[in-house]
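Enquirer: Pasting in a structure now, in structure tokens, and then I'll have a few things to ask.
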Amino acid sequence: MHTFFQQLINGLSLGSIYALLALGYMIVYGISKLLNFAHGDVYMLGAYWGYYTINYLHFGFLAALITAMLACGLAGVIIEAVAYRPLRNAPRVAALITAIGVSYFLENGMSYLVTSDTRNFPQVIKRKTFDLGGVSISNIQLIIFATTIVLMAALVYIINHTKTGRAMRSVSTDYDAASLMGININHAVSITFALGSALAGAAGVLIGMYYNSIDPLMGMTPGIKAFVAAVLGGIGSIPGAAVGGFLIGLLETAVQALGFSAFRDAAVYIVLIVILLVLPGGLFGKKQVEKV
Amino acid sequence: MKKNLKYNLCWLVLMVAGFYLINTLMLTGVINTFIENMLVTIGINIILAVGLNLIIGFSGQFSLGHAGFMALGAYATGIMTQTMNSAGGFYLSILVGVVISIIVALIVGIPTLRLHGDYFAIATMGAAEIIRIVINNMKITNGAAGLFNIPQFATWDIVYIFVCLTTIVTVNFIHSKNGRAVISIRENEIAAEAMGVNTTKWKLSAFVLGAATAAIAGSLYASYLQTIVPSSFGIMESITILIYAVLGGLGSITGTFVATILLGVLDTALQSLGVLRMVFYAIALIVIMIFRPGGLFGKWEFSFKHLLTRKQNGDMAEVEKEESK
Amino acid sequence: MNFKKFFGVAAATMMSAAALTGCATAKTSSNSGNKATDNKIRIGVNLELSGSVASYGQQEKKGVTLAAQQINKKGVKIGGKTYKVKLYISDNKSSTSTAASVAAQLANSDKIVAEVGPAATAYATASISNLTKAGVPLVSPSATAAEFTQTKSGQTQKYVFRSCFIDPFQGKKAADFMYNTLKKRKVAIVADNSTDYGTGLTKSFTTEFKKLGGKIVTTQYFQSGDKDFNSTLTTVKGKNPDAVYLPGYYTELGLVLKQAREMGIKVPFVGGDGMGSPKLAQIAGNKNATNVYYTTHFSTKSTDPAVTKFMKVYKAKYHEDPAVFSSLAYDAVYMIVKAAQNEGEVSSSAVQKGLANLKNFKGVTGSITMDSKHNPQKSVVVEQMTNGKIAKAYTVK
């Protein structure tokens with residue numbers, strides 16, 4: 001029974017990491033309909049930002065987290081302006097290729113600048129483990145969990161209850177109509193990228209600290225998993241992305257605990273395909289009616 | 001048949017001429033092993049990219065799982081030629097790879113082709129990953145270590161012929177009545193359905209044909225390189241193929257050829273730059289896409305018919321009329 | 001109509017295809033190898049500088065560069081002439097097809113006499129064909145799969161060499177050490193399932209350990225690039241093993257150690273030379289890198305002058321301790337130069353011959369003698385880590 005609860009905690013903590021990434025992925029996708037392959041790499045940039053600011057500028061945890069969010073938000077805005085904005089009216093697949101190009105650029109550019117060697121992340125917060133009747137949970141796990149919830153709540157608030165959020169929602173529904181209503185589309189998309197990338201930056205610092213290992217290719221797999229989580233939860237739904245992230249974390253843990261560790265990723269994809277077939281819009285997605 | 005004979009003959013002459021050109025250059029030593037290697041890699045990538053262009057560019061289904069089908073062909077050849085070490089065994093293994101690939105494409109395609117756009121993309125990506133993970137954990141495929149010492153039957157001439165064959169089959173499929181049905185689905189699925197096009201059937205047939213050619217490319221790849229590992233058939237490989245197809249122009253086979261050759265040469269030429277090569281490659285991708293969002297050639301195709309008729313009467317309107325018939 | 005056309009064209013092409021293959025087609029001429037015409041020993045470096053295993057390729061590049069620099073300080077006398085090493089460093093992107101292309105380029109355009117790399121078995125085997133065609137030998141610093149140097153029929157690949165152990169040998173030694181020295185009987189395995197190195201070691205360790213009479217309580221797998229091992233380790237913990245065997249590389253194993261110790265798994269951990277990097281303790285945290293053993297080529301505590309000198313110059317150049325990968329690559333360059341020296345000629349055929357006959361070569365990673373299968377015969381050392389530092393070294397016979 002202890003093992004079960006311990007595995008539950010393991011699954012939730014892994015899931016909160018996927019959820020954090022999926023949130024950022026989802027809002028960018030929801031508004032620009034762009035499969036942002038570079039999202040995972042922005043998360044990598046966040047981790048390196050944390051690494052350098054903590055090691056060389058002696059930032060504390062919070063300072064590193066917040067500056068990483070700002071820096072990655074800015075990076076997101078720049079990426080959008082340079083690589084995606086010129087293609088806004090082009091076929092969507094064109095923007096997908098530039099997204100891949102940006103991803104290659106960030107991965108290899110960073111490999112060139114800082115070498116592809118794995119680095120250990122400075123431990124700014126001392127790790128403590130709490131023992132709850134045989135089930136252990138660490139303070140860093142709790143911080144990640146709490147940050148995910150706080151950022152998710154903030155995101156829901158921004159999108160549902162502010163003027164900017166309303167602009168973002170209207171842009172996501174219909175570019176042209178939103179533009180006719182006097183909404184500055186460029187502005188709304190920029191803000192979306194800033195928000196999404198800032199979330200990725202936060203994830204970079206948190207995950208760097210949690211696992212203590214960063215490298216230029218660290219964003220590849222989590223980027224894809226985040227996309228899977230976002231699709232699983234249903235594109236367009238913030239709680240959906242979070243739930244999708246937690247589900248994948250739990251699922252991976254369950255598969256490993258049952259002794260099929262070699263087939264972990266296969267299980268994730270099978271569940272994804274089955275869910276898409278049963279609920280084509282994902283768990284919380286809205287069903288879209290296609291019209292001629 | 002007669003009407004098109006002249007143009008088809010032109011194509012045939014072009015293919016044979018290309019073959020002899022490479023052959024002569026090789027005899028005179030202009031093409032060394034290094035360039036031969038590049039040409040073969042480009043040839044294999046052309047087969048893959050043409051197949052993917054059929055799925056994405058012509059039927060409009062955004063598949064991200066091409067490397068999975070390639071893996072099936074590669075492993076069929078890798079495993080079968082271990083025991084059947086002869087040219088016959090190699091061709092049989094290609095056939096087996098194609099059959100397996102068609103079966104898998106049906107299993108994957110029938111349920112998932114109902115999905116749209118990015119949902120279909122992620123489902124095919126998942127399917128390809130499942131194929132890779134299964135291969136990675138099977139005994140007969142030698143797991144993560146992969147297979148090596150695969151006998152080399154796929155020399156440059158075999159690859160050349162297969163490039164021609166798969167392209168001919170694909171192009172003829174596109175130009176047939178069925179091909180027009182497929183294109184109508186890309187343009188508007190609901191309208192196509194209303195016109196009585198069995199959308200599921202034609203989407204599936206494009207998907208299966210693409211998968212079958214990918215398996216052929218996989219077989220050639222395995223036999224030429226003599227080494228295959230599951231990690232060569234991951235998501236990144238599917239994305240590389242996607243880049244070729246999109247960069248050339250979705251809906252243009254000519255574009256696919258040009259883009260694959262261009263990127264293949266660029267990639268090889270940058271080889272000695274070390275890590276920076278991928279940085280330049282990335283910048284090239286972004287710049288080309290920004291300036292040519294529809295791909296290098298959009299939907300334009302090179303056509304002898306076009307060329308020859310234009311020369312005869314020089315009237316574009318006439319050509320247009322001819323084309324639309 | 002359309003189908004008729006289709007078949008017409010297809011048939012025509014088939015026929016012409018048959019005609020074409022019927023004629024003798026050209027093959028790129030096989031080279032009888034490259035020979036130095038000036039005073040340069042051209043060595044190609046075909047490594048994974050980008051892509052999934054880039055961090056190992058990058059480390060080997062450090063070793064190769066350092067070796068060339070050391071040699072070029074004075075140059076080497078071969079056949080009465082003083083030679084210097086010239087490196088041609090290329091990136092194979094951790095891709096089989098690029099590795100083959102790079103090998104062809106190095107052999108045909110750069111006229112190298114020998115190639116160092118690639119690091120991983122899969123990419124190294126992909127480059128064999130083009131090098132054999134060109135008659136150029138290769139020395140891989142870290143292609144450990146047993147069959148790497150052999151053809152399918154079990155013959156030795158003429159141009160293929162390595163400077164590292166083979167998996168069956170190292171796995172066997174680890175099992176031996178686990179059973180006889182540490183006296184552990186119930187062992188769990190946490191293995192990298194995405195590389196031949198991880199699966200190869202798992203196989204040989206399991207076979208040997210069972211033969212000795214030990215018990216494998218569970219075998220768990222991970223993929224390279226994984227960061228979260230909590231659920232795997234929870235399972236391992238539940239099985240109460242006496243020790244854990246870790247076949248894999250330091251990038252993931254550092255995290256395994258960290259998460260295992262934090263979870264309260266206190267038993268000894270034993271791994272292979274893929275653990276041998278200062279990064280291991282950095283990633284795991286010094287506190288967690290205790291009671292950790294790994295089989296390797298030489299001990300950093302060794303007093304052998306070759307080793308101490310290497311450690312010193314490496315540290316001076318890169319400001320860190322050398323990883324096993326760097327040392328193996330360093331030795332690979334020296335092996336090539338030594339082979340040319342022994343034969344008294346700088347040409348790919350001489351290097352091939354020299355490598356095949358290499359005897360008692362004093363490398364950093366041990367004294368190397370090539371056996372008939374082109375595998376170096378050398379002794380194994382087990383290093384023990386305490387608080388992130390090498391505390392003790394055992395020699396295993």
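The backbone N, Cα and C atoms fix where each Cβ goes, and this holds for glycine too.
Got these off TrEMBL a minute ago, pasting:
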- A:12-31: transmembrane segment (TRANSMEM)
- A:51-78: transmembrane segment (TRANSMEM)
- A:90-106: transmembrane segment (TRANSMEM)
- A:140-159: transmembrane segment (TRANSMEM)
- A:188-211: transmembrane segment (TRANSMEM)
- A:226-254: transmembrane segment (TRANSMEM)
- A:266-285: transmembrane segment (TRANSMEM)
Enquirer: What residues elsewhere in the chain lie close to the transmembrane segment (A:140-159), defined as a C-beta under 8 angstroms and at least 6 residues from its ends?
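Expert: Answer is 9, 12-13, 16-17, 19-20, 23, 27, 65, 125, 127, 165, 168-169, 195, 199, 202, 206-207, 209-210, 238-239, 242.
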Enquirer: Give the nonlocal contacts of the transmembrane segment (A:12-31) in its own chain as ranges (CB under 8 Å, at least six residues past its ends).
Expert: 39-40, 43, 137, 141, 144-145, 147-148, 151-152, 155, 159, 168, 171-172, 188-189, 192-193, 195-200, 202-203, 206-207, 210, 222-223, 225-227, 229-230, 233, 235-238, 240-250, 252-253
Enquirer: Does the transmembrane segment (A:188-211) reach the transmembrane segment (A:266-285) with at least 3 CB pairs under 8 A, where each pair is 6 or more residues apart?
Expert: no
Enquirer: Please report, as numbers and ranges, the same-chain residues at least 6 past the borders of the transmembrane segment (A:226-254) whose CB is under 8 Å from any CB of it.
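Expert: Cβ under 8 Å, 6 or more out: 7-8, 10-27, 29-30, 35, 39-40, 148, 152, 155-156, 159, 172, 264-265, 267-269, 271-272, 275-276, 279, 281-286.
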